[in-house]
Amino acid sequence: MVTNKSYRERSDTSSSPVTRRLFHLMEQKQSNLCASVDVRTTKELLSLVDKLGPYICLVKTHIDIIDDFSYEETILPLLELSKKHKFMIFEDRKFADIGNTVKHQYTGGVYKIAKWADLTNAHGVTGEGVVKGLKEGAQETTDEARGLLMLAELSSKGSLAYGEYSKKTIDIAKTDKDFVMGFIAQNYMGGTDEGFDWVIMTPGVGLDDKGDNLGQQYRTVDEVISKGTDVIIVGRGLFGKGRDPVVEGKRYKEAGWNAYLKRVAAGR
């Protein structure tokens, strides 16, 4: 059953330090909006994030598409913006290998994701070792709390992530209550009867477009929030097709928060 508890109530009882921090921040900013900023240059990334920062609780990156990436010029300014605007950082890496490999992918290489991303995500296809590997990597890299989202369902047409696959992914999530904070999913994932209170983040949310020619399918803000989504992930709806990110940031922030208030009120 979809929870009607407020983010503040849930932050008080969560075993995940990242969830607690995120829910507290969401209440403080009155925002459940995550900006997906898929651009190709550091300048574009930082400019967009600075404009959207006041309206979001999270920024979602695909850091490996930045053509001119460097830790000093890309990540350090991004971290400064996260402090300035009070948002968290989610690197959408979608890890999908054995535990030892993902540990090195998470901590090493050019990107050193574990050093700067508050949360990341992983597929369940390789089993629970992916969770163990990423958790070890986080613990060995930083004293800062880190969180993991499992990819239970996707928003793209023809996705294989549903049914039995989703159920198995939920089983993997249950192996670590502190590090695994929730799911990328299209619906409520259950677990409350076993003491889990997972954060559900949903991509493919739009107020205008219904999809694109590459298989993306959009659902409305009210629809996803009513079905259990806690954080709406919006990308091109904020800045694509010449849209003004400030105008759209305000618009999506308001729509997401109002939908959340409706859900909470329904349970009172």
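Keep in mind that glycine also has a Cβ here, set from the backbone N, Cα and C atoms.
As the structure is a computational prediction, the values presented were derived from the model and not from experiment.
Copied over from Swiss-Prot, here are the features:
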- LYS94: active site, proton donor (ACT_SITE)
- ASP38, 60-62, 92-101, TYR218, ARG236: substrate binding site (BINDING)
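Shown on the structure are the features that Swiss-Prot records.
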residue	record	DSSP (3 states)
ASP38	substrate binding site	coil
THR61	substrate binding site	strand
ASP92	substrate binding site	strand
ILE98	substrate binding site	coil
TYR218	substrate binding site	coil
Practice problem: Could you check which of the binding-site residues (ASP38, THR61, ASN100, TYR218) sits closest to LYS94 (active site, proton donor), going Cα to Cα? | Solution: THR61
Exercise. Starting from each candidate's C-beta and looking 10 angstroms out, tell me which of the binding-site residues ASP38, ASP92 has the most other C-beta atoms.
Key: ASP92
Quiz item: Other than its own, how many Cβ atoms are within 10 Å of the Cβ belonging to the residue listed as 'active site, proton donor'?
Solution: 14
Practice problem: Could you check the binding-site residues THR61, ASN100 and say which one's CB has the fewest neighbouring CB atoms inside 10 Å? | Solution: ASN100
Exercise. Using the structure shown, find which entry in ALA96, ILE98 (the binding-site residues) has the sparsest Cβ neighbourhood within 10 Å.
Key: ILE98
